[in-house]
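Student: These came from TrEMBL, pasted as-is:
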TRANSMEM  31-52  transmembrane segment
TRANSMEM  64-86  transmembrane segment
TRANSMEM  107-131  transmembrane segment
TRANSMEM  143-163  transmembrane segment
TRANSMEM  170-191  transmembrane segment
TRANSMEM  203-227  transmembrane segment
TRANSMEM  247-267  transmembrane segment
TRANSMEM  302-327  transmembrane segment
TRANSMEM  348-370  transmembrane segment
TRANSMEM  382-406  transmembrane segment
TRANSMEM  413-434  transmembrane segment
TRANSMEM  446-469  transmembrane segment
């Protein structure tokens, strides 16, 4: 059918300088840097790919990563299709509001705000662990990890408040170094082992769908965390209708290509039959051992530093994303008004950024006081919850996009077909994550493996609050998730 809907038909809400993000400040490159930073490429390669191999499908991990890349590409088709119609830094919050109703949108916004805070805090834990280890290794200095965590949060928050462009530039430098760091090892393996070692068998169904493929898939998804955050910057982007779709596809190609090739190189560098035993020796040092063998210990030292920088970049990226969801909620009078205040010079959601920083510090204090490990306890407990929550929200977003276009009789492969297919595939991945949640967290602790229930509680509370606002404050209800220009 032909389009019966024109982009941005919803009446835009007039801007208020005190609660308006600074428009036209970020381009495609900036958005790509900020979003890929959330995925923390080196940290993912060092920690998550080996675990996916060990606990999942072994040499089939490259295939699992390619599969997840394709699933997200299907999601992206509908995701970018709705962008011209709805411009809101709340992104999925606004899409769900438009497709499934404002109460559902409100529930998704609260869940996503929690998800980004949980993911950011998990990365704070990982950074604290690796940065402390680096200081002890190179300087024989071993400060309490809590001090390192607080320093990370304070420095990162200062950069985030200083402006999204500054943050993006710093993240772009870190990202470039990360890509170089990984590719040097990958290419060294290719040069020494040759093309025959890069067997196509790793992509065959018999290899991919073996072992615990559900575990491999959910680990693969955890390496794409934050991919959907391109739309969060729609109000700040230059020419967002062109910039956001372009950035989304560039990110998918870069992340998907890098992870698939790097994991393929790991298989080639070790051998299909020797892979799992080699990883099992110590998953956390597997990539570093490959670097030692194929490049040299000096490069491994550089990778260790880049690993910490990668995690710092991830903290910045998730903090920025979470603050913009809080900003969107506040602007719609669905969260404290202070969270919607922007910095008078930089236009960043400064109060939201500082609020999330306080939560990061408080969580770090709690885990430190309980004598928990920043990596094995803080990081693993929170990243599992965040991953399940995010994949679940992508599922809801796909359904919302399909319903949005179907109701308006804009029915086609890209507007309804792709989102429906994405919803089916993502729902299967969500189930795989829930079914294999213990493997995702890596710990048997009961409270850790029951954290996802918090997401359901928050979603239910958000729904109930949405219906209550509709009954009591209809004028406020109408503002939920509206287009902003």
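Backbone N, Cα and C atoms are what each Cβ position is placed from, and that goes for glycine too.
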Student: How about the transmembrane segment (31-52) and the transmembrane segment (413-434): at least 3 CB pairs under 8 Å, pairs 6 or more apart in sequence, or not?
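Tutor: By the criterion, they do not touch.
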Student: Taking the transmembrane segment (107-131) as the reference, which of 203-227, 302-327, 348-370, 446-469 gives the largest number of Cβ pairs under 8 angstroms?
Tutor: 302-327
Student: Short question: which residues 6 or more past the ends of the transmembrane segment (247-267) have a Cβ under 8 Å from it?
Tutor: 28, 31-32, 35-36, 39, 41, 44-45, 49-50, 52-53, 59, 61-62, 65-66, 68-69, 72-73, 76, 79-80, 179, 182-183, 185-186, 189-190, 198-199, 202, 220, 223-224, 227, 230-231, 275, 286-287, 290
Student: Do the transmembrane segment (203-227) and the transmembrane segment (348-370) share at least 3 Cβ pairs under 8 Å, sequence separation 6 or more?
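Tutor: Judged by the Cβ rule, the two regions do not touch, with the required three close pairs absent.
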Student: Please give the sequence-distant neighbours of the transmembrane segment (382-406): residues at least 6 beyond its ends with Cβ less than 8 Å from one of its Cβ atoms.
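Tutor: Sequence-remote neighbours of the transmembrane segment (382-406) are 5, 75, 78-79, 81-82, 85, 92, 95-96, 98-100, 104, 108, 111-112, 114-116, 118-119, 121-123, 125, 218, 221-222, 225, 228, 363, 412, 415-416, 419-420, 422-423, 426-427, 429-430, 433-434, 437, 440-441, 448-449, 451-452, 454-455.
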Student: Counting only residues 6 or more past its boundaries, what in the same chain has a CB within less than 8 Å of a CB in the transmembrane segment (446-469)?
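Tutor: Distant Cβ neighbours of the transmembrane segment (446-469) are 101-111, 114-115, 334, 377, 380-382, 384-385, 388-389, 392, 434, 437-438, 476-477, 480.
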